[in-house]
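Asker: Sharing a structure below in structure tokens format, with a few things to ask.
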């Protein structure tokens, strides 16, 4: 959960998000080293009155500034490609959920069950209970079992939406007439908040997403109760 004055990412709640955090630190360190080197060279060039008569035509310098950027790009690309593969890898999901975007709410359908689906609307400010978050709470949460591969099929009924939960490292566009898919594994129990991340109209900011990760036994009890009420 984000908090005021926060500058970094939210705490990771999935293996993919942990990898993204590590890659962010890796890339940021490379950027810091490059910026430091460039700043040092600029200061050295400006602060000295000496001139190297060979620097205008130096084969060694040209080789270095050609090869070094290529090596740096490889150091950035290799871990990035690995994470891209992990994000697209969907092998034998334990549960498949279809998330459909509407103006301005989400609907969820658990495709492994018969008649298990519901609409998820934002809880109005006047109906919030102590401890709940304004503009982030929903009347029905998307409940998933923790430590299980979950596949999310994302689409939209009307206009473009985007289903995003930062703590889980998930963001997938919801396009009318198109079925996109993504996956995640919740590594710990808890509530994970997200919002529609594609401007979709007047009430775009009132489309929260709440994913509740629970132990498998609790999920089975919840699904049984939902099926009884259906």
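Here the Cβ of each residue, glycine as well, is placed from N, Cα and C on the backbone.
This is the feature table in TrEMBL:
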DOMAIN    1-91  domain 'Cytochrome oxidase subunit II transmembrane region profile'
TRANSMEM  27-51  transmembrane segment
TRANSMEM  63-85  transmembrane segment
DOMAIN    92-225  domain 'Cytochrome oxidase subunit II copper A binding'
Asker: Is it possible to list how many residues within the domain 'Cytochrome oxidase subunit II copper A binding' (92-225) are helical, extended or coil according to DSSP?
Answerer: 19 helix, 63 strand, 52 coil
Asker: Provide the three-state DSSP residue tally for the domain 'Cytochrome oxidase subunit II transmembrane region profile' (1-91): helix first, then strand, then coil.
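Answerer: Result for the domain 'Cytochrome oxidase subunit II transmembrane region profile' (1-91), in helix, strand, coil order: 66 helix, 0 strand, 25 coil.
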